[in-house]
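What TrEMBL says about this one:
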type	residues	note
SITE	14	site 'Important for substrate specificity'
ACT_SITE	73	active site, proton acceptor
SITE	74	site 'Important for substrate specificity'
SITE	156	site 'Important for substrate specificity'
């Protein structure tokens, strides 16, 4: 595709999988930041700030300004409240009970840094869950799948069978809004002219 040096400032296997699916060759860059929401911040501001800060933190570690640094962040929102990753199995159970039979939003942001320029995009997707039986929740938690996922579920995993509908980006729910990322890369001149 191209010979550009690209770094993904994320250890998320899902973001790595999605970026590879786009045909982008990249290296993973650890870019730790404080991921505590600011009190007055809404979900859109929070995930946008997180993606921006991860991208900037990654860029600060590099000596080649010509590199590309991509970062993302995702949050689940129910009734206006951000739901993060579960702290333990009982927290995952609480989250899944709250999501059961309801519609929630997934806010997913992506940031791209290159040559000192930073572009950020946001995607918001509505996700409708079916009613979940307590045994379904317990069996799902026993798989371990929900424990490192925002909201305690993975749309591409076993929880897919509980999702009645989505309105928005499947890939945004997975953690990297590919359409928005592709648009930013095009606008920033990432792709070689044909």
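The backbone N, Cα and C atoms fix where each Cβ goes, and this holds for glycine too.
Keep in mind that TrEMBL annotations are predicted by a computer and have not been checked by a curator.
Known features from TrEMBL, placed on the structure.
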{"residue": "14", "record": "site 'Important for substrate specificity'", "Cβ contacts under 8 Å, 6 or more apart": "154, 156, 174, 175, 176"}
{"residue": "73", "record": "active site, proton acceptor", "Cβ contacts under 8 Å, 6 or more apart": "46, 47, 48, 50, 51, 54, 108, 109"}
{"residue": "74", "record": "site 'Important for substrate specificity'", "Cβ contacts under 8 Å, 6 or more apart": "47, 106, 107, 108, 109, 150, 172, 173, 175"}
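The secondary structure of residue 73 (active site, proton acceptor), as reduced to three states from DSSP, is extended strand. Residue 156 (site 'Important for substrate specificity') is surrounded by 15 other CB atoms, counting those within 10 A of its CB over all protein chains shown.
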